[in-house]
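The active site, nucleophile feature in TrEMBL is assigned to B:Tyr184. The feature active site, O-(5'-phospho-DNA)-tyrosine intermediate is assigned by TrEMBL to B:Tyr184. The Mg(2+) binding site annotation in TrEMBL covers B:Glu270, B:Asp322. According to TrEMBL, the feature domain 'Spo11/DNA topoisomerase VI subunit A N-terminal' maps to B:155-216. Taken from TrEMBL, the feature domain 'Type II DNA topoisomerase VI subunit A all-beta' covers B:220-256. Per TrEMBL, domain 'Topoisomerase 6 subunit A/Spo11 TOPRIM' is recorded for B:265-435. Residues or ranges marked as region 'Disordered' in TrEMBL: B:1-34.
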Number of protein chains: 2
Amino acid sequence: MSEKKRRGGAGAGAASGSASKKPRVSTAASYAESLRSKLRPDASILATLRSLASACSKSKPAGSSSSSSASKALAAEDDPAASYIVVADQDSASVTSRINRLVLAAARSILSGRGFSFAVPSRAASNQVYLPDLDRIVLVRRESARPFANVATARKATITARVLSLVHAVLRRGIHVTKRDLFYTDVKLFGDQAQSDAVLDDVSCMLGCTRSSLHVVASEKGVVVGRLTFADDGDRIDCTRMGVGGKAIPPNIDRVSGIESDALFILLVEKDAAFMRLAEDRFYNRFPCIILTAKGQPDVATRLFLRRLKVELKLPVLALVDSDPYGLKILSVYMCGSKNMSYDSANLTTPDIKWLGVRPSDLDKYRVPEQCRLPMTDHDIKVGKELLEEDFVKQNEGWVKELETMLRTRQKAEIQALSSFGFQYLTEVYLPLKLQQQDWI
Amino acid sequence: MSEKKRRGGAGAGAASGSASKKPRVSTAASYAESLRSKLRPDASILATLRSLASACSKSKPAGSSSSSSASKALAAEDDPAASYIVVADQDSASVTSRINRLVLAAARSILSGRGFSFAVPSRAASNQVYLPDLDRIVLVRRESARPFANVATARKATITARVLSLVHAVLRRGIHVTKRDLFYTDVKLFGDQAQSDAVLDDVSCMLGCTRSSLHVVASEKGVVVGRLTFADDGDRIDCTRMGVGGKAIPPNIDRVSGIESDALFILLVEKDAAFMRLAEDRFYNRFPCIILTAKGQPDVATRLFLRRLKVELKLPVLALVDSDPYGLKILSVYMCGSKNMSYDSANLTTPDIKWLGVRPSDLDKYRVPEQCRLPMTDHDIKVGKELLEEDFVKQNEGWVKELETMLRTRQKAEIQALSSFGFQYLTEVYLPLKLQQQDWI
């Protein structure tokens, strides 16, 4: 290919060349460009989004009207079944009084000469079940005694009492701490952090409240921009005025209040590169939305934040992830939680997320050039096959089809593969067309 | 240890127990608490900080008056020596015209029948030198020809021309893209991302401008709070009103403008847990400062942002890192840059950062309990010994002593070890006392 030819090729950002492979790059580029003409005026796309948003807000509690299981899942917190444990958010006063009750009971038990013992719910993997009705992983209610007057459990009972006392102090001071802070307050007793972490989870289950209710927070890495205002620790934040960098999602969700928005949907983005493109192009001004990303694997703070937005604003959530098994895995963490936080799953999960893109079928539909697709590794294929067996995939026929397409073609692609049609193709053509065609599943 | 005894122990957050090991935990805790009484009124500490800040702002260009090498380093950009390459920030118009000149020269060369060739500075490790006078790693000026009419370099010359054209388009559109976006615009030509990345670095050196001047940005992970206002892409950001989560540091530094501050110093924090503590306690309201963290290993966006703050505000920078070789490594990246970005080092580095804490000598000085210290691994010791040989350590006698103490005691400690004296010991006692005693080196 001569330099001259290359220079004469397509414009900036568009892939050019005289490739003979199919689909040919230049053809693909001009086809991709032709899709731009399919776009209807924004007003028409906005009307589509408005009806989606209103359908979503009518189903109460939050959850799309099309998904009855999601509604049930969210309703379940109001009346947790006695046979399983779904812990819930509690305010500081409520957690404090629960701790007081536990400690009073222990004191009475000691005074009556019976010593004391904690009843600790089992968090073992064998005790974790997926409830299809709720679309969530929960803990079966099965408690074991942790008596102080037993050489096998004396140490753990002591640690439990200590953690209860530390949490009580944190709540009284009205501050937030990390797991690491907690560990360092009594290294001699805890020995290593795994022990204080484990007991913290026990305490969370014992008190029936989330870890964030205990004011023990995770570090945040998520960011948000778009049509959203909220108060972070009393400071009013307008997310349309957060530049390209966006607002860091706060680690302590209980300090978030006054959530308001005129958005029509929430756009959940897997990667920060796509987030940056959307933020710089101020995509939310053209299509009113809230854009957020955890920059890869979702952290607890971002999951809590997304759930709060979904519950309070009752907006549809559309996801933009890579077209690979890992992208779907990320969706599963947002939707169903991860195994090791199952007892807290109800408060961390956002059911009913729609898979907007990039989907395996998009690769041909948008004629993504062969060179921008990547072959799946053996590990990818293994993960993909495992996902096919997962309930959250199985219950959505569209997802099964997409995953089968991925495994059949053995091809994956990143969101950024769309850059082959121009740096702003994502925001100017791909996403608007997706929204116009209501192309989410 | 009986449960009763434990309950009767020190208050919330303070480690209690009847340890017999030295230093005893309870003694250490009461000693730590006694340090609180050493604190003078805030007004007195503020006076100290004011004189530090004014000393710092008097030396022009930015850099502490006590460090002549730092001043020289920053002055050097105005007049880069001909024998080495220090690339500088350039505005879009300037970069565009440099590209135009390069391409015009190539066109003339072709028209005169001589074909064309790029002169590319060598970025090989052997070509990277540390200049003690500048306190920076720079590239020796040594260019190699990259002719198109040579089978060995034809492909690379083509890639170079393509990257120049893509950068030109990005600048013309006034947008920012990632390295990954750039790669995907012509996967067929680039083959893999390592190739387009490498040529991007070449282009940066050829044009004598930073990668951020090319509008190719890195993903950001840093956050900032405190006495700082600036505009991010035109949006006015007040960092005292960013809650606990803080403001995400923008990926594109050239969109940051209008930096204003009434802070007396910049507090650079290694980890987000300490950042969260400082933000929640609104430390910056008691001692006017700007608090920022890259959450571990410093990313390019955070380094650029810190440098901008330092250059424009002329404030002293105090660092709070773990007391281990890794903490010092992080300081070295902020101060001297990393090897693989050496050509860009002048624009990424902030010389003259003061090491506030946690320093090896603090462990005994503040009587950090033995159990909260960690033994250094063999790898830690190896890294520590290597650091002793590094110029940026050697030229600071205080740092050498601290590092020797660390290696002698073979102990390290995290910032959060201070939580053993109470969750807020860091913000209420440790840092105020450090500032009062001007205990930085």
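We number each residue from 1, going along the chain as drawn.
Positions of Cβ are set from backbone N, Cα and C atoms, glycine also.
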In DSSP terms, helix, strand or coil for B:Tyr184 (active site, nucleophile)?
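Going by the DSSP assignment, B:Tyr184 (active site, nucleophile) falls within a helical segment, counted as helix.
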Where does the mean pLDDT land for the domain 'Spo11/DNA topoisomerase VI subunit A N-terminal' (B:155-216)?
90
Determine the Cβ neighbour count for B:Tyr184 (active site, nucleophile): the number of other Cβ atoms within 10 Å of its Cβ.
29
What does the structure give for the C-alpha distance between the residue listed as 'active site, nucleophile' and B:Asp322 (Mg(2+) binding site)? Integer Å is fine.
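Here the two Cα atoms are 39 Å apart.
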Could you tell me how many residues in the domain 'Type II DNA topoisomerase VI subunit A all-beta' (B:220-256) are helical, how many are strand and how many are coil under DSSP?
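In the domain 'Type II DNA topoisomerase VI subunit A all-beta' (B:220-256), the DSSP-based counts are 6 helix, 15 strand, 16 coil.
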Among the recorded positions B:Tyr184, B:Glu270, B:Asp322, say which ones reach under 8 Å of chain A by Cβ distance, listed as they appear in sequence.
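From B:Tyr184, B:Glu270, B:Asp322, the ones near chain A are B:Tyr184.
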Within its own chain, what residues at least 6 apart in sequence put their Cβ under 8 Å from the Cβ of B:Glu270 (Mg(2+) binding site), listed in sequence order?
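Counting only residues 6 or more apart in sequence, the Cβ neighbours of B:Glu270 (Mg(2+) binding site) under 8 Å are B:Thr293, B:Gly296, B:Ala319, B:Leu320, B:Val321, B:Asp322, B:Gly327, B:Ile330, B:Ile415.
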Let's check the environment of B:Asp322 (Mg(2+) binding site): how many other CB atoms sit within 10 Å of its CB?
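There are 21 such Cβ atoms around B:Asp322 (Mg(2+) binding site).
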